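As structure tokens, the structure follows; a few thoughts come after it.
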Amino acid sequence: MAHYHNDYQKNDEVEFVRTGYGKDMVKVLHIQRDGKYHSIKEVATSVQLTLNSRREYLHGDNSDIIPTDTIKNTVQVLAKFKGIKSIETFAMNICEHFLSSFNHVIRVQVYVEEVPWKRFEKNGVKHVHAFIHTPTGTHFCEVEQLRSGPPVIHSGIKDLKVLKTTQSGFEGFLKDQFTTLPEVKDRCFATQVYCKWRYHQGRDVDFEATWEAVRGIVLKKFAGPYDKGEYSPSVQKTLYDIQVLSLSQLPEIEDMEISLPNIHYFNIDMSKMGLINKEEVLLPLDNPYGRITGTVKRKLTSRL
């Protein structure tokens, strides 16, 4: 028999702002076998539930709590019975399950991150069951659904590291008594892309295709044409160009947030050794680093 404390006294000086609980980093590898041709999705999933009462906080009464171990088991079972066509669809399946199965669950938040496995391929021939880990951008999604509404779906790319050795500069910036940074017309530009976007609705969206399209736009606007590149006068301009092209080509996207750290590579001074280093040997610096962010959304008139 469950016991809980009944010595609660109302406190008029504090109130709840938000509550939630759940299970983080539930890892599964789902294998879809079509004869000898196998497809895989490996994911790490985190689930947060909000209940319609707070008796577990106020009284220590656990009678409404769905154990986090049950949440973990549910994620695994849904992977078995629903499969993982896309991580966004999988996250929506999790939201739908908890809202339809438990009347006292009023909000579900799901974060899913996909491990970047890529099928072995040689001369256009794809291997039937072998994959290689390719860290060229991690696909993640965040889905939140209230009992009274549709799911709100975000997808994103993170840990996409890119570098170019020229076609970037930084000039004309504000200078004061503390400025020591020289203007530069030509420099290395390196960053690790974090890009997250929101869908205006989740019906009839090919989430995998949209993710690949955004990733392609990021690479296109960063690198430019393969034979000559594209000049970047600032990290801010490159960030904005990615957003504008993404929203112009992908009508399913409502808004987009991007964060770009400016990862520095500095020329090593070899003059004390009697050598002139012409930007051939650079020193990578992990920190400190600049970080540039920006979020854009469609204007109301653009939706009409």
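Backbone N, Cα and C define each Cβ position, glycine as well.
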Which of Arg54, Arg187, Arg215 belongs with Thr68, Asp69, Phe170, Val235, Gln236, Asn262 in the urate site listed by Swiss-Prot: Arg187
Euclidean distance between Cα atoms of Lys164 (N6-acetyllysine) and Gln236 (urate binding site), Å: 16
Those residues of the chain, 6+ apart, with a Cβ under 8 Å from that of Lys221 (N6-succinyllysine): Glu230, Thr238, Asp241, Ile242, Leu245
Assigned conformation of Tyr289 (phosphotyrosine) - DSSP reduced to three states: strand
Distance, Lys185 (N6-acetyllysine) to Lys175 (N6-acetyllysine) (CA atoms, angstrom): 17
